[in-house]
Each structure stands twice: as structure tokens, then as C-alpha cells.
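Novice: Structure incoming, see below.
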Amino acid sequence: MTVAHYVLPPGPAAPTNADRRVTAWVEEIAALTQPDAVVWCTGSDEEYESLLDLLVKQGTLLRLNAQLRPRSYLARSDPSDVARVEARTFICSEAEADAGPTNQWQEPVAMLRELRSLFSGTMHGRTMYVVPFSMGPVGSPLARLGVQVTDSPYVVASMRTMTRMGSESLAQITPDTAWVPCVHSVGAPLGPGDEDVPWPCNDTKYICHFPESREIWSYGSAYGGNAILAKKSFALRIASVIAREEGWLAEHMLLLKVTTPENRVFHVAAAFPSACGKTNFAMLAPTLPGWKAETIGDDIAWIAPGPDGRLRAINPEAGFFGVAPGTGPLTNRTAIDTVRTDTVFTNVALTDDGDVWWEGLTDLPPAHLVDWKGADWTPDAGTPAAHPNSRFTARADSCPTIADTWDDPEGVVLDVILFGGRRATNVPLVAQARDWEHGVFMGATVSSERTAAAEGTVGELRRDPFAMLPFCGYHMADYWRHWIEVGDAVREAGAQPPAVFQVNWFRKDADGRFIWPGFGDNVRVLAWILGRLDGSAAAADTPLGLLPVAGSMNLDGLNLTDSQWQELFHIDPASQLAEAADAAAYFDRFDGRVPAALREQLSALTTSLERLAAHRSAAAAHQR
Ligand SMILES: Nc1nc2c(ncn2[C@@H]2O[C@H](COP(=O)(O)OP(=O)(O)OP(=O)(O)O)[C@@H](O)[C@H]2O)c(=O)[nH]1
Ligand SMILES: O=C([O-])CC(=O)C(=O)O
Ligand SMILES: [Mn+2]
């Protein structure tokens, strides 16, 4: 690899206040990747406008009808670059054991050697953008800094929406602040005279994380989670490593502020796997009178003990990268209002009048569309018009329900933590954990049906502990231990950790229909949960935790029959015992590193299920 003769191309020089380590690193990456130009992003409105103009000119973005969808755009990705590539995502810790059995590991020195060879000359014919960013309000004690270099203007525009990006964040990096270097290329160099394509990418993809040196290298994709490195790569995979060391939590959680009819305010964090309802719950429109829900974050929460020992949380992001399909005025009015203007849509369908459409936006599709691949589409096409993982990118402050505390640098005090998944069977609508350890057990044993958010077979059941399976930057069992220790630290400081609950909006009846109406009606579950905190909602102790007793949840105005209610909470000991056995086999995969407290939870669960099974069969025998 010969880079010695490479001279930084002319253009605006690095800002004079840029930290020397940042400029040296940028020069080093430029020498490796050899872009035609280097641009330091300021984050200004003018810069964003000119990026959008450039993307329209290059054909990456299509300007939507300005009357129907002001200042909004449609991107169609390469059909092969539509979701996170978990099979190409690596944790490159020095010791393989530290990545743990749920991550793919690569030896860091060899991986870096391979990456350097892939990145050599990869930005030929392109501009390298330097994107300094802050995750969390600039200057917040909970915020952390990073710098991404990328040859994708689409990624720069996405970073502008999703993070606090530009000069202000760069100014935060001083000689003694930590920052995470993030290197990104679409892996599509242009030779002289080569024509570009609207969505450059490469069949070879690598999303690599180096927990010790805290750097990220991503190659070959421009899709969200693979390329907006501030998000899953930094704010979860690298941040989880930093958080373990510093005694806090980096989580795949939405943050919601709830105000009861009595004007009491609570904050709820909820971990649901990708495409399992975080954005929808974060934008919940309560169907119960007098209740108010406000959005703080829809995907990631950073949680740390505050001065009084209680856990406080911030949303480190500044925007939403939300799933389009299934989002409609009846299910998520707030999201529909959020994306009315100033939104970049990716892989949705285009209407004949220059607006967007996706499955679930309206009951019936328009008679003609251009689908996400750019082909003519009619309702009889037999394929979805929008890709199932099509997305919208919009700023948090466009959201009509955004809480005025959403960017409070101190964060909000957490009262409740929810763990959820997409389960057609077995998992009740809601169950309260008996204590913190039981809550950690619930989080550790979450399983969920796979969705379109990542490559793989949709619908297949897989364990997704804490909704962090694809996002934990170290050994998953050590992560569980860290959760237990954070609870201990809170109690040692004389405070109480948040109450923990498991929820499941997705239980189905024998005909395959969702039993629970979900969406805005999830406030009924929330009301029950908050009723548990002050003792006003009754619960029964079961092997799965504390379940609502009949009459303890407000179901006014719902068409839910008694038998449907029972189905939502039905416990079948045999299949529960099978789940527990599966959890035991799962725990066995973690090299003996599963905390004893979780093993104890599992054996207590098994014992109580066996007791329930015996009790049920005795009762049945008695009936005969
Ligand atoms: N039945 C039912 N479906 C829901 C509910 N909440 C969300 N969904 C559907 O689940 C899908 C994904 O929801 P999102 O809120 O976008 O999921 P997410 O967790 O934010 O997904 P990522 O952004 O990928 O992390 C959409 O199709 C929703 O319509 C609910 O309460 N009930
Ligand atoms: O990361 C992405 O590409 C989208 C997302 O939010 C997820 O998959 O959880
Ligand atoms: Mn989401």
C-alpha cells in the first residue's frame, strides 16, 4: 500500500480550533482512502441544503412534491443494501472470550490489516466528509463525542438529522476529551470518467468495532444501522463497553414521559427488539381520558446513576430513524405528523403526485405507485410497494409530542423499565418483576420473532436479551452481571432502582389475530404499571411474575371479551417448562459466566412451574 505521495487535496482547511488528534487522524484516513476532496462539516443549515441539492443532482434523492411534503425527499437504496447486516458485524476485542458467544469476533490486528487494505484508495473520485458529533446534549455530563469520516453525502445528511453534528461538537473535543473515531466508506471508488450510481455500495461489507481502542470501521453499505455509525455502532456497541467501565448503561430503549390524570409525572424506558414497537410506544397517543404521553427518545437511552443515586436517562440522539410500514394515522398519528415536512424517506413507494406511500399508511393502496425499487406497481403486484424495512429520518423537534425535557442535559429520573418482544404465544401482556434481579432475568431471557430490520428469516424465534443481541459490544453474560451490579450500586446509594416489567403487545389468538389492540391502548397497560408503583393496581403472584388480576386494568370502551383477557395471560405450564428448559440450554452457551443470581431465578421459575403443573393436574383429576 503506497500512500506516501498522497497530498491532501485543496479545499477548506481543518477548522483552526480542531483538536490536533482529530486533524492528524483525518489526515491519516485521507492518506489511506485518497478522496478527491476533504470537507469539514459545520452542521449549518446552508451546508445541509447544499448536501440535499447535491444528493438530488446525483440521483440519490428525489425531491417530493413541495406542496404535499415540503422539504422532503425519497431515497431508493441499492436493492441489496436495505437492512443491518448482522452476519458482517464484528466485535474485534483483543480476547475472543470478551466478545462472547453472541457476537462475531475477529482478531483486531488482522482485521485492521484487512480493513486498511479494503479502505486503501476507496474514496477515489469522492469527497471525504468529516462529521464531528455529540451523542447527548452538547456539554451534558452524560454526552459523549465522536467524529465520523464518510464518503457518503446521504450518510452526512442522516447524521445531521440523527445527531448534534458540526462545529459546536468539534469544539467540545479538547486535548484531554475522549472521542470515538468512526471510519465509513461505501466502498465504491470512481476512476477517471467512471459514472456514479444513485446508491453506491459494495457486495463486501464489514461493520467492525474495536472495544479496546474504541474505534469503528464500516465498509460497503450506506444503509442506516450499518453506516450512521453514531447510532447502533457507537451509541450501543462501543458505548456499552464504555458504560460497563464507568458504571452506567447504554441501552436499546425508548424513553417516554407519562403524566397521569392526577398530574403525576413518570418516566419509562422500554427495550423492544428492532421493529417491535419502540417508536410507536414512544409516540403513544393515550386512549384513556386525562392521560398524557410525551416522547423523549425512540431507540437509544443512556442511563446513569444521578447525584441522589437514582437512575437518570438521556436520549443521546437528535432524530428518529423510524420504520415506515405499519405507521398510519390510526396507529401512530404522531409519527405521521412528525414526517409531514423535512423528512428523508428511504425505500418507501412514490405516488403519482410525488408523495410517499407504504403498507399501512392507508387502508387501500393507490391504484398506481412506483415501488421502492423504482418499478411501476399496482395493487395486484403481489409484492410490497415499500420495502418492509423502509424508514423515515426526521428530527426529534419535528415531533409534536416531544417533551420539553427531551434534551435536558441532566436527563430524566427513571421510574419504570420495560422489556418486550414480539411473541405470538406464552408471554403475557404484562408481568411485573418481583425485584431487580427478577427484572434482569426477564430482560436476559427475552425471545422475539425476527423482523425485517436485519437480514434473516422473518418470524423465526430467537433469543434477544435486553433487545441487545445485535448491539452488545462485549460478552453478553458480563453485560447481565453489569446490570445486576448497577442495581446494587443504586441500592447502596440509598435509592431504589426502577420497577421492572415485561410486556408483549403481540400475542395472537387461534386465528392468528393480535388479541390486544395495542398502540394507543397500550396506555391501559401503562396505567396498570404505574398503579403498581403506588399500590393501587392489584396483582397475583404467578411463576412468571406479578400479573394483573381481572378488573385491575382499565378496559373501558374496549371490545375485549373475558376469554380474550384470559388468553392474554394464560400460562400453559408445559410450554412454559419447555421455554425454561430452552433458557437453561441458552445459559449453558455462556462459558459459565452467567451470574448466579440469574441461575437462581431460572431454577425458582422451573420449580414454581412444576408446582403449577402438579396443582393443575391434581385439580383436573379432582374434577373427574
Ligand atoms: N399489533 C401491534 N403492532 C405494533 C404495536 N406497536 C408497534 N407495532 C408494529 O410494529 C412495527 C414496528 O414498530 P416500531 O415502533 O417502528 O418498532 P421499533 O422498535 O421502533 O423498530 P426499530 O426502529 O427497528 O428499532 C410496526 O409495523 C408497527 O405497526 C402494537 O402495540 N401492536
Ligand atoms: O439500526 C438500524 O438500521 C435501524 C434500527 O433502528 C434497528 O434496526 O434497530
Ligand atoms: Mn424505531
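Each residue's number is its place along the chain shown, starting with 1.
Positions of Cβ are set from backbone N, Cα and C atoms, glycine also.
Automatic prediction, not curation, is the source of TrEMBL annotations.
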Novice: Looking at substrate binding as recorded in TrEMBL, which candidate out of Ser44, Ser134, Ser274 goes with Arg84, Tyr223, Gly224, Gly225, Asn389, Ser390, Arg391?
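Specialist: For the substrate site that includes Arg84, Tyr223, Gly224, Gly225, Asn389, Ser390, Arg391, TrEMBL also lists Ser274.
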Novice: Going by the Mn(2+) site in TrEMBL, where Lys232, His252 are listed, which of the candidates Asp176, Asp299, Asp308 is also part of it?
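Specialist: As annotated by TrEMBL, Lys232, His252 share the Mn(2+) site with Asp299, chosen from Asp176, Asp299, Asp308.
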Novice: Of the residues Arg310, Arg422, Arg491, only one is listed by TrEMBL in the GTP site with Ala275, Cys276, Gly277, Lys278, Thr279, Asn280, Arg391, Phe519, Gly520, Asp521, Asn522. Which is it?
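Specialist: Record source TrEMBL; matching candidate: Arg422.
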Novice: Of Gly224, Lys232, Thr279, Asp299, the binding-site residues listed, which put a C-beta under 6 Å from ligand 3? Please answer none if none do.
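Specialist: The binding-site residues passing the 6 Å Cβ test are Thr279, Asp299.
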Novice: Enumerate the residues of the same chain, Lys232, His252, Asp299 excluded, that satisfy the criterion Cβ within 8 A of the mean position of the Cβ atoms of the recorded Mn(2+) site; list them in sequence order.
Specialist: Gly225, Lys231, Ala235, Leu236, Ser274, Ile300, Ala467, Phe471
Novice: Under a threshold of 6 Å between Cβ and any atom of ligand 2, which of the recorded positions Arg84, Gly224, Gly225, Lys232, Cys276 are retained?
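Specialist: If the test is a Cβ under 6 Å from any atom of ligand 2, the answer is Arg84, Gly224, Gly225, Lys232.
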Novice: Rounded to a whole angstrom, what is the C-alpha distance between Ser390 (substrate binding site) and Asp521 (GTP binding site)?
Specialist: 25
Novice: Given the binding-site residues Arg84, Tyr223, His252, Ser274, Asn389, state which is nearest to Asp521 (GTP binding site) when distance is taken between Cα atoms.
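Specialist: That would be Ser274, the closest of Arg84, Tyr223, His252, Ser274, Asn389 to Asp521 (GTP binding site).
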Novice: Where the distance is taken from Cα to Cα, which of the binding-site residues Tyr223, Lys232, Asn389, Arg391 turns out closest to Thr279 (GTP binding site)?
Specialist: Arg391
Novice: Taking the Cβ of Gly225 (substrate binding site) as the centre, count every other Cβ atom within 10 Å, in any protein chain shown.
Specialist: 26
